[in-house]
Structures are given as structure tokens and as C-alpha cells.
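Structure, as C-alpha cells:
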Amino acid sequence: MSDHATPEAPPSQAASLAAPCSSEPTALHDILSGGLAGMTSIAVGQPFDTVKVRLQTSPPGVGSLAVVREAAASREGLVRSLFKGLAPPLATATAVNAIVFSVYGSASRAVDRYAEDLRDARDSYAATSGSQLPMPASPFPANHLEAFALTSSPSSFAVAKNFACGSFAGLVQTAVICPTEHVKCRLQADPALSSPLQCTRNILKQAGLPGLLRGFNATCLREVPSFGLYFAFYDWARERMLEGLPALPNWVSSVACGGASGALTWALVYPVDIIKTNIQTMPIDTPAKDRGMLTVAGRLVRKHGGSYLFRGLGVTVVRSFPVNGMIFPIYELSIYMFTTPYGAWNFSE
């Protein structure tokens with residue numbers, strides 16, 4: 001498997017699943033591989049996510065073990081209770097992760113092409129004129145981007161590119177994940193709701209289509225910076241790890257850095273997730289003025305203290321490591337299998 005089978009690899013116009021001799025991923029490969037990785041990670045992380053949501057919506061003093069014991073004593077039983085609400089995120093896991101990886105991969109490859117064209121123009125100018133291409137003096141952001149692409153080190157450019165493309169991917173997929181998480185959170189927090197369809201009908205009946213998008217601003221604030229950091233840190237950490245431990249199998253570095261990037265980003269945006277969960281589990285007829293982000297945050301802090309905004313962080317970090325530790329290896333393995341001839345597969349690395 002290639003050391004850098006990550007989404008930023010350059011595309012091939014001719015590559016497709018019908019042409020297995022391709023060595024470069026396409027948007028179709030990103031979609032299929034991202035979907036497979038997402039479905040697997042959702043199934044692994046669902047019990048942890050259920051505990052997290054119930055902790056976030058329960059009074060202080062209730063711990064993770066108490067939530068698990070309550071689930072075991074419920075009429076649904078431990079397994080069904082902890083996997084309750086799995087259908088909505090699992091049904092959209094393919095779409096969500098396909099969006100994230102395809103948008104990220106396409107944006108990353110477009111930026112790479114842009115930077116390569118700039119460098120080619122600079123080298124061509126230097127070859128014909130005998131001098132370096134002057135840096136743009138205009139204050140416009142596009143010109144600053146050109147200067148950064150031409151003068152920054154490869155490592156700095158990669159980190160900035162990965163953060164920008166990851167943030168863009170997070171923004172795009174927010175529209176898909178917000179209604180899905182709204183339904184999931186209500187199912188996890190309300191034992192009276194028995195199915196995603198029942199929950200969706202209740203929301204639509206009481207609040208209409210906009211009701212499904214409740215918590216959109218908080219979801220966006222969580223997703224955009226976290227996905228930027230997620231992709232940037234993963235690529236940077238994996239490159240450092242492989243430089244320091246060249247004999248390390250690729251899948252080990254992918255698991256370790258994927259898990260670490262997931263845990264790090266969750267730790268940083270977790271208070272926003274607390275606010276989002278509370279907004280999405282409030283009574284559906286709650287007035288808009290009472291469910292704004294700052295209003296909800298202030299009410300939680302006044303009632304429970306600042307530490308409440310980190311309630312459930314431990315179980316979330318524990319959940320995020322195996323979940324995100326699986327996403328990149330499965331994604332990269334799928335990309336490798338899609339873009340490498342069957343007879344040339346080599347899994348020894």
C-alpha cells in the first residue's frame with residue numbers, strides 16, 4: 001500500500017473502476033471508499049455515542065456506568081438500548097462520509113493543480129527571463145494565496161491546504177448530518193420514541209421541515225473547524241511518524257494518527273457538541289429565543305457550572321479513537337484496492 005494513499009493524491013482523468021490499472025484515485029473512488037469507512041465506524045461507535053448523548057442530557061452526578069446499568073435494566077435490554085438510534089446515522093453514513101472524502105479529495109487535488117501551475121509559470125518565467133517571477137504586491141487575498149503557494153515550504157503548504165479543504169468538506173456535509181443527528185439525539189434521549197420514522201414524523205408535524213434542521217448553527221460551528229484540524233493533523237502526524245519510524249507498517253501509523261486526530265478534534269469542539277445536543281433535545285415547541293447557542297450555553301453554565309460543558313468528554317474521547325482509527329485504514333485500503341490491479345495487490349505493508 002502506498003505511504004500516501006490519502007485523499008490529496010492527484011487525480012487521473014482516465015481512472016475509473018472500469019480501468020483497474022489506474023494508480024491515481026478519482027472522486028468516485030473517494031465516494032465509495034469514504035462510504036465504506038463511514039459505515040464501519042458508525043457501527044463501532046454507536047454504543048459509546050448513546051452513552052455520551054444520555055450523559056449530556058442527564059442531571060449532574062449520573063456517570064457512564066449508571067447510564068450503562070440503566071440501559072441493561074431497560075425493557076429493550078443492554079444491546080438494543082445502546083444501539084438505539086443507529087438506523088439514521090447508519091443510513092446516511094455512506095452519504096456523509098462520501099461527501100466528506102469526495103469534497104476533501106477533489107478540493108485538495110484542485111489546490112495541488114493550482115499550486116503546480118503557479119510553480120510551472122514561475123519556472124518558465126525564470127527560464128526565459130533569467131530572473132525570478134516577482135511576488136504580487138496587490139492586497140487582494142488571491143494574490144496572497146499565490147505568494148504563499150510559491151514561497152511556503154511543502155510541509156507548511158500541505159498543513160494549510162489540508163485544513164482549508166477539510167473545513168470546506170465539513171461545511172458541505174453539515175446540511176446532511178444536522179437533520180440526521182437531530183433525529184438520532186431525540187431517539188437516544190427519549191425512551192418513548194420507538195423508531196426514526198416516528199421521531200421524524202413528530203418533528204415534521206410540530207415544526208415542519210425547518211424543525212429537522214434545528215441546531216444547524218451549532219452543528220456548523222462544530223463541523224467546520226474540527227474537520228479542518230482533523231485532516232491537517234492526521235496528515236502531519238502520519239508524515240512525522242513515518243519519518244521517525246520508517247519500518248512501521250502503514251496501517252499502524254494510519255490507525256494511530258487517525259485515532260489521535262479524532263480524539264484531539266473532539267476534545268477541542270466538545271462544548272459546542274454539548275450545546276448542540278441540548279438544542280436538539282429540547283421540546284420541539286421551544287421558542288427560538290430560548291434555544292440560541294449563547295442562550296443555551298449560558299443557561300447550562302448557570303445551572304450546572306462550567307464543567308457541565310465537558311460532561312461526557314471521557315467516553316467521547318474513548319469512542320473517537322477506535323472509530324477514527326478505523327476510518328483512515330479502511331478508506332486507504334479501499335482506495336488501494338480500487339486503484340491497483342487485482343494481481344498486484346500487496347498487503348505486506
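In case you wondered, yes, glycine gets a Cβ from its N, Cα and C as well.
Look at TrEMBL and you will find 1-20 tagged as region 'Disordered'.
Per TrEMBL, the feature compositional bias 'Low complexity' maps to 11-20.
For 25-110 (among others), the entry in TrEMBL reads repeat 'Solcar'.
Broken down with DSSP, the repeat 'Solcar' (157-240) shows 75 helix, 0 strand, 9 coil. Here TrEMBL flags 157-240 (among others) as repeat 'Solcar'.
The repeat 'Solcar' annotation in TrEMBL covers 249-337 (among others).
Per-class residue totals from DSSP over the repeat 'Solcar' (249-337), listed helix then strand then coil: 77 helix, 0 strand, 12 coil. Looking just at the repeat 'Solcar' (25-110), the mean pLDDT is 80. Break the repeat 'Solcar' (25-110) down by DSSP state and the numbers are 69 helix, 0 strand, 17 coil.
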